[in-house]
Amino acid sequence: MTDNQENKPKKLTLSNTKLSLNKSFDSLASTQSFVNAKSKTLVEVRKSYSGSTTTLSLNKEKGSLETGSSSGSEEFNRRLSILKKAAEQSKLNDNSQISTLSKLASINQSIASQEDPIEVEQEESSDTNKVKEEPKIEEVKDIEESTLQTPKKKEDIFVKSPLVGTRTRYGIESEKTVDKVTENKVIAPKPKVEESRKFKKTDLFNMVGDDENDNRNRTRSLASIKRAREKEKRKSLVQAPEKVYREITLPEVIGVGDFANAMSERVSDVIKELMKLGILANASQTIDADTAELVATHLGHAVKRVQESDVENILITNDKEEDLRSRAPVVTVMGHVDHGKTSLLDALKSTDVASGETGGITQHIGAYRVTLADGRAITFIDTPGHEAFSEMRSRGAGVTDIVIIVVAADDGIKPQTVEAINHAKAANVPIIVAINKIDKPDIDIERVKNELYMYEIIGEEAGGDVMVIPISALKKINLDKLEEAILLIAEMQNLKASPFGSASGVVIESKIEKGRGALTTMLVQRGTLKSGDIIIAGTAYGKVKKMTNDKGIEVLEATPSVPIEIQGLSHVPHAGDMFNVVQTEKQAKDIAEYRERVAKEKKISIAPRSSLEDLFLKASGSSKIKELPLIIKGDVHGSVEAIAGSLLKLPNDEVKLRILHSGVGPITESDVSLAHASSAIIVGFNVRAGANAKTAAEKEKVEIRYYSIIYDLLDDVKAIMSGMLDPIIREQYIGSVEIRQIFNITKIGKIAGSYVTRGIIKKGAGVRLLRDNIVIHEGKLKTLKRFKEEVKEVREGYECGIAFENYEDIREGDTVEVFELIQEKKQL
């Protein structure tokens, strides 16, 4: 009996109501390894709570594992029921959101920190108790395994137990780690007390798993992931970029370096391609467009060919119909010299300009704007009438809307009048004929009209389309009719222009003024020119610094048909050049350089080429053609151009006129230096030399001539050229002699006894010996005697003795003609 009772399994009981430890034990010590433990067994009981908040709060209130005096079977039943509830609850929470993970993790950490690990010493003699407990433990393990083996989805989240690192699903799971130790009792070393760590993202990754087999694998840290991403990024940067094929613009000539940059290719690659074509070039050398196109095409790039002249393609958009506004007509006044053109303008604008002009003739173009009583405006351009200003008249006709041809009633049609008519017809503009000076007595207006018929200018009264208006500029007769005619024609033409956009127009005149630099008179034809705009006019460019109108008042902008004077250009442009507003100064500079290059090439191409004979004559100093070098300086470009054109038209078969330099502005020291080096004459038209230039001219003995009227200048230059011409040698017959007898005198030679049959014979005169009407000899008379005495001359009807220089082949019956050589000054 007793043995049977002893062999029965006994219930596990505790001496106290609470399970306690004699020594303190940190909860984190459970993670330590128990390799050194030999005589003691550490048991840690931790609970992981999940599910309803009621259960969690209940466990939190308890705060520790309660071990009462209940029996082991009650404890087993309690744990079993808790595990079953956890399994049921986990099924309900399979689709719970991952957002609750952070809350559960923090709760589990707080619970783990509150539970105390339990250290129990078990006696080796408790084998019987183990046998009793084994069936129950096996049953508990089966339930735990069934709970853990529930189907797992991707969204299943596992929580890592803080005790030994195993992961459990949401639910309650308790594990006991029992290590049998040897008899020698060794207590694990007490760990350092550490503060509870703050929850980090790495803890979140540690608590999340996708596979049961990854229970013991560690999750990659954020630093590792970051390093991997940086490595991938570096690899992508190291990879060669994809080649970009471009469309490049090729000029006629391009440098190899610029060509490579345009294609974004290495210069070495371009040079290799050129070497394949048999061209050896470095980065600084240039290649033609055809070669560049071959290389670019081979490298896969598209090519767009452009001409060098494309730099002048200044974009001007077409004006919209709604932007067009009515503008004032531009009227050009033409006619012969002194027919009253400027006086007519004086009467129209009530100013006295003619009195300030030398010789009563207009030396350069003037542009004026006249506002009538009704508010309408007319822009007048006055052109010179002298024949030297033909180019200026042609420019005036090219920019005008209406041409007024002034004809003096007492003088009629003159050469410049005909030229003005031809210019107007060539420009295809309406013509108004103003017969001026009708206030003079003894005039015949009908005679002037009949002369106009010869040039196809037919008045309206004769059935034509030309308005002929008799006026008097001095007495202001019929000026109102002239203005009405201008406005009527302008209204019929429907003159309009857009005041919007970039300005463009034409240069009327240009000059250099001391202290102000280059001054240019312009007529705006389109858009609005503003102060500060960058313009290009011919080869001159620059920013508009200041604008003044025809009355000398500074303005900030100029609209179409408004003449203005600007300053700010690099140099004076040519009259008649078109001006345009560009966006940048670089664009203006490129255009100006291209135009200068073209003008230089054109000048070289039209220069007369010297023959080989001329070069030899020039080298030997025996050139037959003489040369007159000139330097021309004037006040305005139009006058300088007119003077140069007139001088070059002079005959130059024997004297060649060479204009070394022509410019606008006063005579400078550089002009004097150039004249001294080339033995030239300086001609100043309405300009003077500065003090330094005068001193230099006196020192270098350079001739400077000043003029204010173009007639005087042309006449003087003609006289200088005429003086350089070789004189004309003319032969003048003075008499005839008949040889009647030949005398041989010792030491003298043959003497011809002669008789003067006609005229007179002089000693030293030229003689021509004729035999049978054939000239045998031509020379000079060496000896003239009468009765053994030397005489200067012998008249008709007298006898004399004559002898020739270096010639004695004379016979009786020969005839001698006597003549004189007369030099006459040659004129151009």
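Note: Cβ is positioned from N, Cα and C throughout, glycine not excepted.
Pulled from Swiss-Prot:
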- 335-342, 382-386, 436-439: GTP binding site (BINDING)
- 49-58: compositional bias 'Polar residues' (COMPBIAS)
- 65-74: compositional bias 'Low complexity' (COMPBIAS)
- 116-126: compositional bias 'Acidic residues' (COMPBIAS)
- 127-137: compositional bias 'Basic and acidic residues' (COMPBIAS)
- 326-496: domain 'tr-type G' (DOMAIN)
- 48-76: region 'Disordered' (REGION)
- 112-137: region 'Disordered' (REGION)
- 335-342: region 'G1' (REGION)
- 382-385: region 'G3' (REGION)
- 436-439: region 'G4' (REGION)
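Comparing Cβ neighbour counts within 10 Å across the binding-site residues G335, I438, the minimum falls on I438. Counting every protein chain shown, 29 other Cβ atoms lie within 10 Å of the Cβ of K341 (GTP binding site). Between the binding-site residues D338, T383, the minimum number of other C-beta atoms within 10 Å of a residue's C-beta occurs at D338. Confidence in the region 'G1' (335-342), given as mean pLDDT, stands at 80. In three-state terms derived from DSSP, G335 (GTP binding site) belongs to an extended strand segment.
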